[in-house]
Each structure stands twice: as structure tokens, then as C-alpha cells.
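Written out below as C-alpha cells is the structure these notes cover.
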Amino acid sequence: MKKIVIVGGGTAGWMSALIMAREWSRQGVSICLVESPEVGIIGVGEGSTPALKLFFDRLNIAEQEWMPACNATYKCGIRFDGWSTHAGFESYFHPFSAALDRQTLPMFMHNAQARLRGANVYAQPDRFFIASRLAQQCLAPVAPEHFPFDVHYGYHFDSTLLGQFLRKKALALGVVHELGHVVAVKQHEHGDIASVQLAGDKHIAADFFVDCTGFSSLLLQKTLAVPFISYANNLLNDAAVALPSAIDEKIPSQTLATAMSCGWAWKIPLTNRYGNGYVYSSAFCSADQAEYELRAHLGLLDADVPVRHLRMKIGRVEQHLAGNCLAVGLSQGFIEPLEATALFLVQQTVAVFAEYFTRGEFTHRLRDEFNQRINNHFDGVRDYIVTHYKTSSRRDTEYWRANTANQQDVSPVMLALYRSWFEGKDLAAEINRLQIGSYYPAPSWYSIFTGMGIVPKGEQLRTATAEEACIDINAVDEFLRRCALNFSDHRAQLARWQSSE
Ligand SMILES: Cc1cc2nc3c(=O)[nH]c(=O)nc-3n(C[C@H](O)[C@H](O)[C@H](O)COP(=O)(O)OP(=O)(O)OC[C@H]3O[C@@H](n4cnc5c(N)ncnc54)[C@H](O)[C@@H]3O)c2cc1C
């Protein structure tokens, strides 16, 4: 392979360019990224998983450099408000993991399993994880050197600034940037892509093409006609409205996901503003209604703020690699942004592609194996997202009734997992058996089931036996309180990066 052309200059395009340049530019592979001056980037997507840290670490890009440039903040996890109506379960925290969890996770799982058997013990994630404690206190999850346990964390960032930052880095690694709108795609007789034609009649040929054209999926879906598999039958949200609001004095180190009448609202803290959005189903709510509800929720009914309305296509392609074309980003699929997994899937796709590519030319078997692996990732993430809706006890609107009533098309893997939970079996063992721990690990599954209140409650509870009641939750509180003393205030930590710019 001598030349790669990436079409699309959104986050997916520039991330792909950087990973590919790091892998192959020293071997003489030239990389060109073509970006349309007419079609903008999607410009939303402000939250990440801990995988983004790995991306920057591998490129040797320090937080001090990229975070201030992108108005970025730290993210310990996600707080879910209003998803459950069960008394005492109205809010829960889904934490990112930490080395310290080795101390507290077994206690959480012990209590969760005991609660499943009807024992009256505390079993929500909130009081068992350092990430949750740090988020509660608006602390930065960066462990100081004298604290010997790392905390894994994600980030919040301005997606437009992140794109610009990645572009600068990619150009420094020798990626060529071409501004031009692709008007036609030329194929060889055997079907592979030969070149893209830009407005003004310039043609760019290459051995390999990366489709990062967003939802339009110009190369993979439109040219190579790879089918799209919709997830719409069990993920109903297909639209979003986004607007900013003023940031608070204390900067939270968590994303807030609040259930709304026809979807949910995100609140993402950046250093200079909150990014807010309402992800909803257009079958149940008009764009105007959604904007009104979001504004009312934020206390911004009459505020003069820039508002963006977006549509989303939820699902994935059947094959991410077809012929000499790899689709990355929205062009390969999108699962609604509830757990902010899109950039993780971008990284995963390009990293796994690089791994396969270095094993030699793609045979049919390797190609199928690659596509299956990426499909499994998409479906694995989808199943976790779907579980938020299946476990919600909200029934107050048509939207929630439709969401929770629809038990069709829940994957066999999910059915097995739900059955295991309801039968009070060892869920961690079932996750291992189903081989789904690499998409979402056991603590995430325990967190969602217990957090949503899918456990015995009220009169279903009995007094715990001595063995079941062996965890002293006040001692866990005290342990985490003392651990948290080692961490800095979030705003102060971010200011430190800004002053070292
Ligand atoms: C409401 C919403 C919330 C989201 N929240 C998150 C989140 O919290 N976390 C997360 O990880 N992700 C999130 N995402 C997803 C995230 O925004 C995207 O995955 C990410 O921005 C990558 O987009 P992209 O680069 O694939 O596409 P885009 O940003 O749409 O870029 C497409 C590129 O293709 C180019 N292009 C298109 N047509 C042509 C053509 N004919 N010729 C040349 N160039 C062309 C455009 O110029 C543009 O540069 C969210 C998405 C939505 C809709």
C-alpha cells in the first residue's frame, strides 16, 4: 500500500489520519485527507470514554497541551437522573474504573448479589467507587504521584476545537490536507475504488480509501452499496437539539444524563460553558417541542443562545471494510450518544484495522473476521445502551411506554443476561460465559441493574443474614472520603494546565 485517501475532515477523519500516520508514514505510505469546504462537520459529540486517553498517550500528546486547546475537562463517569421512578433509585452513577476498585468492587458485587436474594443491604454503585466520590465532590480524577492507584477517566471537550487540534497534529506528521468537495467516485472494473473526483475536475487516486464522510457515507454505503442495519426497532431516538449554557463556579467532573419526556438530556461541562442537548424520538416529539422542553429544563426559555437541531441515523453497516474502503465514524454507524461511545468505536475500528493489516494482505477470511469483530463491538455497545430503556420504570409518556413495552429484537445475549440477573445467578460469570466483558465489563452491568432499581425493594426485602450484612457501608464511605483527600479540585487542576500552556 502506497497511498491512503481519507475523505472527511470531522473528528473521525482526523483521528484516523493520526493513527494511520503513526502506524505507516515511516514505511513510506502517503496519507491525504480530503475535506469538503461545502459540507460542515457535525460539530457535536463532547464526551468520551477512557479510551481517548489511550489515543493521546500513544501519540505522546500531553493533557497540558491538548486539554486547554479544546476547553476540555475530566470525566469520572455519567450520572443518570430520573431514569427510574422507584423510590430511592431516582439517580445513580455509572463510574469509570480505577485500580482502587479492587478494594471496593468485591463489596459492591457481594451486596448486589445479596440484595438480589432479597437481603436488605445497600447495593447502588454510588457509594462503592472512587470515581463516584470524586464526581460528587467536583474533583479531578488525576491521581497525584504519591497516591499509588490510578483512576481511569474520560474527557469532555469542544468537538470543533478537538478537530482543529487533531488536524494540526496530523499535518505535523506529514498528512496532506486537500480542500475539495467529492462529486464522483470512480471504480475499477472489479469494483474497488480507483479515485475520487473533486469539484473543479481534480482526481485523486489511491490504493486505499477511508470513508469519513459522516452520515452521508459517500464511499461505503453510496458507492459500494454496503447495506445499513438499523437499530431503530429498539433504539427509538433519532433527533437531537443542542444549546450552550453558562458554566458553574464548581466545574463538575461528570456528564449528567437526565431522562426527559421523549428521550434524555445531556449536560457536559467544558472550561468555558456547558454543552447541553436533548436526544429524542421524532415519532413522539417535534423539534419545537424538544427545544422548548430543553430550554425549560435549563431555565433558558427566553435566552438568546445558538441552537442546533440534528437528525441521527441509528445503526451500523453490514461490513465496515469492503473492497479497498474502510468506513470510520458516522459513515460506519452510530449508536445514540447516551454513553458517549462514538469516538471509542472510531479508535477501535482503526486500531483493529491496523492490527489486521500488519498481519499481511487481507484475505477473505481476515476481512470477514475483521468485520465480525467490529460488528460485535457495535452490537455489544448497543445492547448496553438498550438496557437503559429496558430497565427504566418510567411509564409517564407514550415514548416511555413504547420504549419499555417493546421487548422485540432484544438480542439473545441480552435475554440470557437479563434472565441470569432475575434468577439471582452470578452475573459476572454469565458475562464471562457470553464473552461481552470487553464491550461493557461486569461493574457496568451491576451498576445499571442496581442503579435502576432492578432489585427487590420495600416489602420484598428481608433482614440480611450476618454473612450478607458483612460489608460496613459507613467504613466504605470513610475509606473513599480519605482517598478523595488526595485529589485536586477540578477547576484548580484545569487552571494548572492552562497556566502551563
Ligand atoms: C447529537 C449527537 C451527540 C453526540 N455525542 C457524542 C459524544 O458525546 N461522544 C462521542 O464520542 N460522539 C458523539 N457523537 C458522535 C460524534 O459527533 C461523531 O462520531 C464524531 O463527531 C465523528 O463524526 P464524523 O467525523 O464521522 O462525521 P462529520 O463530523 O459529519 O464529518 C464529515 C466530514 O465529511 C466531509 N464530507 C462530507 N461529504 C463530503 C464530500 N462529498 N466531499 C468531501 N468531504 C465530504 C465533511 O466536510 C466533514 O469534514 C454525537 C453525535 C450526535 C449526532
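Cβ coordinates are placed from backbone N, Cα and C, and glycine is handled just like the others.
For the FAD site, TrEMBL records Gly9, Gly10, Thr11, Ala12, Val182, and the single candidate of Leu326, Leu330, Leu338, Leu366 listed with them is Leu330. Around the Cβ of Leu330 (FAD binding site), the number of neighbouring Cβ atoms within 10 Å comes to 25. In the three-state DSSP reading, Val182 (FAD binding site) counts as strand. Cα spacing between Lys75 (7-chloro-L-tryptophan binding site) and Glu339 (L-tryptophan binding site): 12 Å, rounded to the nearest whole number.
Proximity of Thr11 (FAD binding site) to non-local residues of its own chain (separation of 6 or more, Cβ distance below 8 Å) is seen for Ile41, Gly45, Ser159, Leu162, Gly163, Leu166, Gly329, Leu343, Val346, given in sequence order. Comparing the binding-site residues Ala12, Val182 by how many other C-beta atoms lie within 10 angstroms of each C-beta, the top residue is Ala12.
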